[in-house]
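Engineer: Got a structure for you, questions after.
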Amino acid sequence: MTTVHINDTQDTEQPKSPHRRSWLKGIGVGAVSLGAGALATKAYIDSSDGTQTKQDAYGTHQAGIITPQPAAAIIVVFDVLAKDKKGFEKLLRTLTDRITFLTQGGQLPQIDPKFPPLNSGIMGDKVFPDNLTMTVSLGASVFDGRFGLTDLKPQYLQDMQPFPNDALEPESTDGDLSIQICSNTAETCIHALRDIIKNTPDLMTMRWQMNGFLPPHMIRKLGKDTMRNLLGFKDGTSNVDAKNDALLNELIWVSDHANSAGEPAWAKGGSYQVVRLIRNRVEFWDRTPLQEQETIFGRHKLSGAPLGKPNEHDDPDFASDPDGKRIPHDAHIRLANPRTPETRKNLILRRGYNYSQGLSKSGQLNMGLLFVCYQSNLLNGFLTVQGRMNGESLEEYIKPFGGGYFFSLPGFAKGEYLGQGLIQAAV
Ligand SMILES: C=CC1=C(C)c2cc3[nH]c(cc4nc(cc5[nH]c(cc1n2)c(C)c5CCC(=O)O)C(CCC(=O)O)=C4C)c(C)c3C=C
Ligand SMILES: [Fe+2]
């Protein structure tokens, strides 16, 4: 999908849009003579505030997978109430309509005040796009026979089985259908979620959800800097290049590539989505020596550089360290990506968010990582990577307690609906 940026992530102190320049002219002030504060104020009230930034609704792939991450996210997982294929199709058509409207924006209809409003009203009467994406994915349970889809399940889709360090809570695990909602603001995500709930009361019910956030000032730097997770480390330094189409067709999208062999035809253009809710034991972490923290990840905390290297994007060069003296063999990055020709097929596209949810029952900070990743092959991707990381030193500080495996539907064209290929292939 094409990304359309309308000055959202630009440096707000440089007048760029014609609209903005005309405003400056209109008040008879030259840009050079305006102080940064005045420009920043103006940036807040015109289109460069990001409210008009739009992601395409139509395309080969759904938005929200390779599109840049905005600052706010909600992952919400539903169980489907629809009883048959017809009901499931109605759900997919409703989701398509609402997502198209919410992501592109527009006027909300006025209604008779004797009836409840059609919408929460959080965005007023005119919905603005605010960089919203809503990515719809299906869990394995949808293919259980209720909707005539049994023979159409993506081959690796399954319920989440606990890894040795997991304590999966059933109320926060699995589910029929996930929606990853991402936007510039938490309010726009909440608005979108409430719109979906209001429009599908008879079709699905919420099972679990998690809100995530990233620092907005870092997002505005547009990839010039890497964001930090709540353990204080740069997270996202090394990731699959979302601009490399050949790589994406091999590793992220179900495609004609051998990595996707055996998948049903309808799944082409989709991707396996993994969500993991991972609590961080931050009080314990904050009492851990810096040296130990860095050894656990295999990177320097401040710079994000691989241990013993000066720069963040330097190659960790494991080959020159066969005994693990510089970067231990059980360091997170060494297990996650050993960087060998054999492990190339295990690369995944990570798209996680931080989360914070007040206090745990035992009075500790309840915060961590809303881990999300995408891959064309769940077995070669997350399942193998997580398998390699079982027993890593980081496990003492983290506790995965929920999540699920889902299949992100292919994108749709104008006049089509999400999952149309699946429904048409169903019996
Ligand atoms: C199974 C996949 C992964 C899980 C689960 C996971 C959890 C997790 N990660 C961090 C922090 C960092 N991860 C980093 C790199 C990294 N992590 C994974 C995979 C999982 N992480 C991969 C594939 C990579 C990239 C490795 C590489 O190519 O070098 C880093 C280093 C910076 C970076 O490259 O992003 C950090 C820091 C936490 C805190 C966490 C669970 C709470
Ligand atoms: Fe990681």
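Here the Cβ of each residue, glycine as well, is placed from N, Cα and C on the backbone.
So TrEMBL lists these for the protein:
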REGION    1-21  region 'Disordered'
DOMAIN    62-213  domain 'Dyp-type peroxidase N-terminal'
DOMAIN    227-411  domain 'Dyp-type peroxidase C-terminal'
BINDING   ARG299  protoporphyrin IX binding site
BINDING   HIS332, ASN337, PRO338, ARG339, ARG350  heme b binding site
Engineer: Long-range neighbours only, meaning 6 or more apart in sequence with Cβ under 8 Å: which ones does ASN337 (heme b binding site) have?
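Structural biologist: Correct list: SER238, THR343, ASN346, LEU347, VAL385.
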Engineer: Let's check the environment of PRO338 (heme b binding site): how many other CB atoms sit within 10 Å of its CB?
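Structural biologist: Excluding its own Cβ, PRO338 (heme b binding site) sees 15 Cβ atoms within 10 Å.
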Engineer: Can you tell which of ARG299, HIS332, ARG339, ARG350 has the most other C-beta atoms within 10 Å, given these are the binding-site residues?
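Structural biologist: It comes out as ARG299.
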Engineer: Filter the binding-site residues ASN337, PRO338, ARG339 down to those with CB closer than 6 A to an atom of ligand 1; keep them in sequence order.
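Structural biologist: Among ASN337, PRO338, ARG339, near ligand 1: ASN337.
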Engineer: Rounded to a whole angstrom, what is the largest C-alpha distance between any two of the residues HIS332, ASN337, PRO338, ARG339, ARG350 that the record assigns to heme b?
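Structural biologist: The widest Cα-Cα gap among those binding residues is 16 Å.
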Engineer: Tell me the Cα distance separating the residue listed as 'protoporphyrin IX binding site' from ARG339 (heme b binding site), rounded to the nearest angstrom.
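Structural biologist: A Cα-Cα distance of 15 Å.
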Engineer: How many Å separate the Cα atoms of ARG299 (protoporphyrin IX binding site) and HIS332 (heme b binding site)?
Structural biologist: 9
Engineer: Roughly where does the domain 'Dyp-type peroxidase C-terminal' (227-411) sit in mean pLDDT, to the nearest integer?
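Structural biologist: In the predicted model, the domain 'Dyp-type peroxidase C-terminal' (227-411) has a mean pLDDT of 97.
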Engineer: Secondary structure at HIS332 (heme b binding site) (DSSP, helix/strand/coil)?
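Structural biologist: Note: HIS332 (heme b binding site) is helical by DSSP.
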